[in-house]
Amino acid sequence: MSRFQWGIVGVMVGLNALDGFDVLSISFASPGIARAWGIDRGALGIVLSMELIGMALGSILLGGVADRLGRRRTILGCLPVMAVGMLGASSAHTVLALCLWRVLTGIGIGGMLAVTNAAVSEAANATQRSLCVVLMAAGYPLGAVIGGSISALLLQHADWPIVFQFGAIVTLCFVPLVWWCAPESIAFGMQRRTPSTLAGINATLARMGHPPVDTLPPLADFPRKAPLATLFSPDLARRTILMTIAYFAQLMSFYFILKWTPKIVVDMGFAPASAAGVLVWTNIGGTIGAVLFGLLTIRLPLRPMTIAAMAMSVVLIVAFGHGQAGLGTMAAMAAATGFFTNAGIVGLYALIARDFPTSVRAAATGFAIGVGRGGSALAPALAGFMFGSGVGLQAVAIVMASGSLIALLALAALPINASLPTSRKAGIRDTRMNG
């Protein structure tokens, strides 16, 4: 791969990090919001869930739009939406206004996440594709670590709105980066041809260091249905359903660890600052897991590795429920759990990028992410309900670990040759320019 292609991947890693930043930034801002407005935990919980609702809407609706309008245009449209939502949140004075701004922010993030997976897959060559997709997904925990650290620093000198203002500024900085460094993908151009497509593809090939082409290969015979309808065609329906179930279930396990670790650590008698440190180690483990998983995809088969990561997630979440005597042991357990739960998620990203054709790749990612965010919202709520009903940590952990078990079984139920339908393989290969 050329430096230009790696540059595209780097931009997409940064975009995914914005999601991780936003997740922990609202967690850091929420105590200040509750204190300033005098709202209870119930109202605050509603605010925290609004972004996830927006993400679900944005992923499902805008993923299909990206398969019609293009990856680059969709990202450039989503970034201002995110920035406006963050700036609006910083100026909100009521719970309702803050909820609406958080939904808007989530719509922008959800649409962007649906596109970045497809954009990375189409920028990479065949050899490095899985690695690049996994590295892109690693941006999430990396952004959570960096964003959480910056938020904590900012809140030492200003009140909670500064977190969202900083997020808006960073988001807008990505607009020129995407404009200059991330042209429309060659694969998308092959599918949505216009009179200027050949010139655009040759310009991109030149930046990759490849010679120009005189003509475009024959257009593959893809059905002219709406992308979401195509996902449930006979060729793709089983794959779509099983991948979505796997993503939904794995996110349940992941977000249980991400959202409840600080509270669990505090309830064990440790200071809130120590609990925040354990959460940082959870995300550090997730980052390392994603990067190492990506490197292993170069040598090892993707689906078995993803299934193995999910199996380890089950074991470690159950072990996490035993509780640990020391803070260091708790941090190590949290890091190991984050390592494998996030490896399972990034494996799913890579499988979606590999197993869906270009014409519906963004829609497939968007649908899986959109429905899967339901899992991210369900896990904290379900765990909270169980804790509130007097259920112990060990029992709650076993229930939450079942998410990874369900995800594992869903992937195991995929056909052994879970690749593109045979009738379309040749056409798809033509759309993937290897660097």
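Yeah, the Cβs are placed from backbone N, Cα and C, and that goes for glycine too.
Pulled from TrEMBL:
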- 7-30: transmembrane segment (TRANSMEM)
- 8-419: domain 'Major facilitator superfamily (MFS) profile' (DOMAIN)
- 42-62: transmembrane segment (TRANSMEM)
- 74-94: transmembrane segment (TRANSMEM)
- 100-120: transmembrane segment (TRANSMEM)
- 132-156: transmembrane segment (TRANSMEM)
- 162-182: transmembrane segment (TRANSMEM)
- 240-258: transmembrane segment (TRANSMEM)
- 278-298: transmembrane segment (TRANSMEM)
- 305-325: transmembrane segment (TRANSMEM)
- 331-352: transmembrane segment (TRANSMEM)
- 364-387: transmembrane segment (TRANSMEM)
- 393-416: transmembrane segment (TRANSMEM)
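Taking pairs at least six residues apart, the transmembrane segment (240-258) and the transmembrane segment (393-416) share three or more Cβ pairs below 8 Å and count as touching. When Cβ-Cβ distances below 8 Å are used as the criterion, the transmembrane segment (331-352) is approached by residues 117, 129-130, 133-134, 136-138, 140-141, 243, 246-247, 250-251, 253-254, 257-258, 261, 277-279, 281-290, 292-294, 297, 302-303, 305-306, 309-310, 312-313, 316-317, 319-320, 324, 361, 364-365, 368, 404, 407, 411, 418 of the same chain, each at least six residues removed from its ends. Take the transmembrane segment (42-62) and the stretches 100-120, 364-387, 393-416: counting Cβ pairs under 8 Å, 100-120 has the most. A Cβ distance under 8 Å defines the sequence-distant neighbours of the transmembrane segment (305-325), meaning residues of its chain 6+ beyond its ends; these are 250, 253, 256-257, 268, 289, 293, 296-297, 333-334, 336-337, 340-341, 343-344, 347-348, 350-351, 393-398, 400-402, 404-405, 407-408, 411-412. Annotation: stretch 100-120 has the most Cβ pairs under 8 Å to the transmembrane segment (364-387), among 7-30, 100-120, 132-156. Counting same-chain residues at least six beyond the ends of the transmembrane segment (74-94), those with a Cβ under 8 angstroms from any Cβ of the stretch are 15, 18, 22, 58, 62, 65-66, 100-109, 111-112, 115-116, 119, 161-165, 167-168, 171-172, 174-175, 178-179, 182, 362.
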